[in-house]
Amino acid sequence: MAAPQGSRAPLEFGGPLGAAALLLLLPATMFHLLLVVRSGPARLLGPPPYLPGLEELWSQQALLLWLTWLGLQAALYLLPARKVAEGQELKDKSRLCYPINGFQALVLTALLVGLGVSVGLPLRALPEILLPLAFSATLTAFIFSLFLYMKALVAPVSALAPGGNSGNPIYDFFLGRELNPRIYFFDFKYFCELRPGLIGWVLINLALLVQEAELRGSPSLAMWLVNGFQLLYVGDALWHEEAVLTTMDITHDGFGFMLAFGDLAWVPFTYSLQAQFLLYHPQPLGLPMASVICLINAIGYYVFRGANSQKNTFRKNPSDPRVAGLQTISTATGRQLLVSGWWGMVRHPNYLGDLIMALAWSLPCGMSHLLPYFYLLYFTALLVHREARDERQCLQKYGLAWHEYCRRVPYRIVPYVY
Ligand SMILES: NC(=O)C1=CN([C@@H]2O[C@H](COP(=O)(O)OP(=O)(O)OC[C@H]3O[C@@H](n4cnc5c(N)ncnc54)[C@H](OP(=O)(O)O)[C@@H]3O)[C@@H](O)[C@H]2O)C=CC1
Ligand SMILES: CC(C)=CCC[C@@H](C)[C@H]1CC=C2C3=C(CC[C@@]21C)[C@@]1(C)CC[C@H](O)C(C)(C)[C@@H]1CC3
């Protein structure tokens, strides 16, 4: 049995009290958004139009559909992969292997859904059952996180995450105890991070587009843009699936309620908020404005992809001709830090690109409501907090060299602003 590992690890997210609050607040916020978006006034900060009873949240059919979805994605994960990648080195010096077949899963899902629709699968009915589906996903996340918590009780100490092992059950349940919980080849965190939630998000968007077409004769330009931008984002994430292996979620955070709920429920049901908003609150959008929004998304994507690819290429092979000319700082760990190119502009250029795209996803929804800007607001808070967490970890890893990097690249996310 594993002993609690580290009261030494500093507590994050406001400690046990913060974790307890988030355990309730995150699902409550998601249900608030789902209820408010379909109401007339659609006020982000107003009260929900009504409180749904259990009969509106619970549906056996929705649970079955949700479990079938998870089962389908799990089956696609187990299909032969074009590549098997190695993860970062673990505490015991070993490396785990991960199948790279996420994009293949997206394409196969699209084919299966297309086939389903051609034989009468009512995709347009999906928006009607979003509430019970979100309830099933939340329930699954709670039960799954309990399973993960128990599983960590019998995991070796070397398998535990640096945080999430404080000894406080609520805090540890929220943050997650085990770093890479697996059963044989099946890695739960890696699977959840990229597949059921992200692919579910674009499927929900598509169903909203189809329903809009049925209601109004054709999908609106705004709905096309939101669908297109977010499909590009999800397709990009799955195409560059290997890069997720170096994110802090995989290398640092345990797998607990935060990520299980975030991946399985929060992402599909709140990231599709703009498309939900457009179904219930159609917005006029002319071609000139649409072109400006496309340009904003293209700039955001260019920065996001450029920064992420530059770092990944450099981490894989610093002498790759695409990055060999960039200036670097040496660190005591033997690794180097880039100080020119994207990473010489601000310390998190990839966050900047992501935020610019977030703006482009909200703009098609017009300026009449704050609700479709929820993603931009939440995401700014998430990235500012994430940036602070990453800075702490980098300072610990790189010490003086990190100070030198901060001196040479003083801005964190937005040049000359922050
Ligand atoms: N849509 C969403 O909801 C979310 C999206 N994201 C996106 O996910 C992506 C990954 O984000 P995240 O995992 O937070 O962090 P990053 O991809 O920014 O990785 C941070 C790590 O990069 C390395 N690094 C930092 N500075 C340098 C440098 N100058 N040169 C070389 N390496 C450096 C360090 O690790 P090391 O040195 O060990 O390699 C550091 O820990 C981002 O694009 C972000 O926008 C993130 C969260 C949510
Ligand atoms: C509020 C809450 C429930 C917090 C949990 C946060 C999660 C929703 C996010 C943490 C890191 C994420 C990443 C992505 C999605 C959101 C979560 C899970 C990501 C998969 C989106 C697509 C990107 O291209 C990415 C692969 C870089 C990214 C990785 C981090």
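Start at 1 and count along the chain as shown; that gives each residue its number.
Here the Cβ of each residue, glycine as well, is placed from N, Cα and C on the backbone.
Pulled from TrEMBL:
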{"type": "TRANSMEM", "residues": "17-37", "note": "transmembrane segment"}
{"type": "TRANSMEM", "residues": "57-79", "note": "transmembrane segment"}
{"type": "TRANSMEM", "residues": "100-123", "note": "transmembrane segment"}
{"type": "TRANSMEM", "residues": "129-149", "note": "transmembrane segment"}
{"type": "TRANSMEM", "residues": "255-273", "note": "transmembrane segment"}
{"type": "TRANSMEM", "residues": "285-304", "note": "transmembrane segment"}
{"type": "TRANSMEM", "residues": "324-343", "note": "transmembrane segment"}
{"type": "TRANSMEM", "residues": "355-384", "note": "transmembrane segment"}
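Here the transmembrane segment (100-123) lies next to the transmembrane segment (57-79) in space: the count of CB pairs under 8 Å, restricted to residues six or more apart, reaches at least 3. Only sequence-distant pairs (6 or more apart) were considered; of these, at least three Cβ pairs between the transmembrane segment (17-37) and the transmembrane segment (255-273) are under 8 A, so the stretches are in contact.
Long-range neighbours of the transmembrane segment (129-149) within the same chain, counting only residues 6 or more positions beyond its ends whose Cβ lies under 8 Å from a Cβ of the stretch, are 27, 30-31, 34-35, 52, 56-59, 61-63, 65-67, 70, 169, 172-173, 176-178, 181, 188, 204, 255-257, 260-261, 264-265, 268-269, 276. Same-chain residues lying 6 or more positions outside the transmembrane segment (57-79) and placing a CB less than 8 Å from one of its CB atoms are 99, 101, 104-105, 108-109, 112, 129, 131-133, 135-137, 139-140, 185-186, 191, 195-196, 199-200.
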